[in-house]
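S.K.: Shown below is the structure under consideration.
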Amino acid sequence: MNKYTKILSLLLLAILIMPAARADFALKSVQIDTANKAALRNGAAFFMTYCMACHSVRAERFSDMSKVLGLPLDEIQKNFNSTSLKVHDAIVSPMSPADAVHWFGLAPPDLSAIIKMKGANWVYTYLTSFYLDPTRATGVNNAVFHNVAMPDVLWQLQGLQAPMYKEVSRNGQQVKVLSGLKQVTSGTLSPAAFDKAMRDVVTFLYWANHPHQAEREHIGLWVMAFMALFIIVAYLLKHEYWRAVRH
Ligand code: HEC
């Protein structure tokens with residue numbers, strides 16, 4: 001085995017064992033429908049209230065929501081923007097990076113590409129899977145983001161969750177892994193209402209990560225119609241040419 005095959009096989013091995021190492025806590029699956037304007041609107045409002053203090057979505061402007069939600073600019077400004085930003089400004093958190101580093105040890109990431117990077121299921125599971133962990137400065141940990149720096153900003157809505165563990169044998173050793181979460185205090189929202197709020201905020205993030213998807217699908221239909229028409233024209237043309245050749 002030369003050096004390169006060795007590196008290659010190590011890489012392959014890493015790829016093969018990666019899902020196995022991550023699969024301890026199953027992701028919950030979430031259905032996203034960005035054509036659902038009510039969900040998108042609730043999600044946007046939720047994001048502005050509960051997330052924007054720390055996170056930006058720089059790829060989008062407040063005004064971009066006007067078209068997709070079918071609302072005039074002044075209503076967007078009134079309902080979604082409680083900062084001093086203008087309606088044509090990008091959605092940028094008022095938190096300064098220096099303050100963020102001071103409080104959390106790092107700046108909360110911009111969420112313009114989070115769904116593309118990690119998927120809607122991951123983000124949904126992440127938001128619903130904070131659990132009590134007294135060893136952490138924030139008092140919480142996260143089932144899919146080990147030792148996360150984000151505090152559980154939604155605990156009042158969701159209530160607190162405690163971890164449940166199971167023993168599994170790994171490489172011949174018994175190890176304790178997180179197997180689930182159980183609610184230990186109730187929140188101001190019912191579990192179903194909390195789940196819906198999380199689905200809505202993920203819907204908003206999905207849209208913000210793929211703002212032109214609806215437009216692309218619309219254009220796609222026209223392209224298909226054009227192709228169909230073109231096939232008919234091409235067929236008739238072929239027919240016409242060959243008639244000339246045969247005669
Ligand atoms: C008090 C500040 C704060 C608030 C409010 C907050 N977050 Fe966070 N968030 C953070 C920090 C800090 C991190 C980085 C965690 C890390 O890297 O350990 C983070 C990480 C994340 C991540 C993972 C990013 C990645 O790259 O993996 C997602 C997704 C996220 N937050 C979504 C949200 C959503 C949605 C809301 C609103 C419901 C929200 N956050 C509210 C501080 C915050």
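Each Cβ is built from the backbone N, Cα and C atoms, and glycine gets one as well.
Sequence annotations record features per position, and here TrEMBL assigns heme c binding site to Cys51, Cys54, His55, Met164. According to TrEMBL, the domain 'Cytochrome c' annotation covers 38-209. According to TrEMBL, the feature signal peptide maps to 1-23. For 219-237, the entry in TrEMBL reads transmembrane segment.
Context for these features, please: burial, neighbours, distances.
M.R.: DSSP classifies Met164 (heme c binding site) as strand under the three-state reduction.
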S.K.: What three-state secondary structure does DSSP assign to Cys51 (heme c binding site)?
M.R.: coil
S.K.: Test of understanding: give the count of other CB atoms lying within 10 angstroms of the CB of Cys51 (heme c binding site).
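M.R.: 21, counting other Cβ atoms within 10 Å of Cys51 (heme c binding site).
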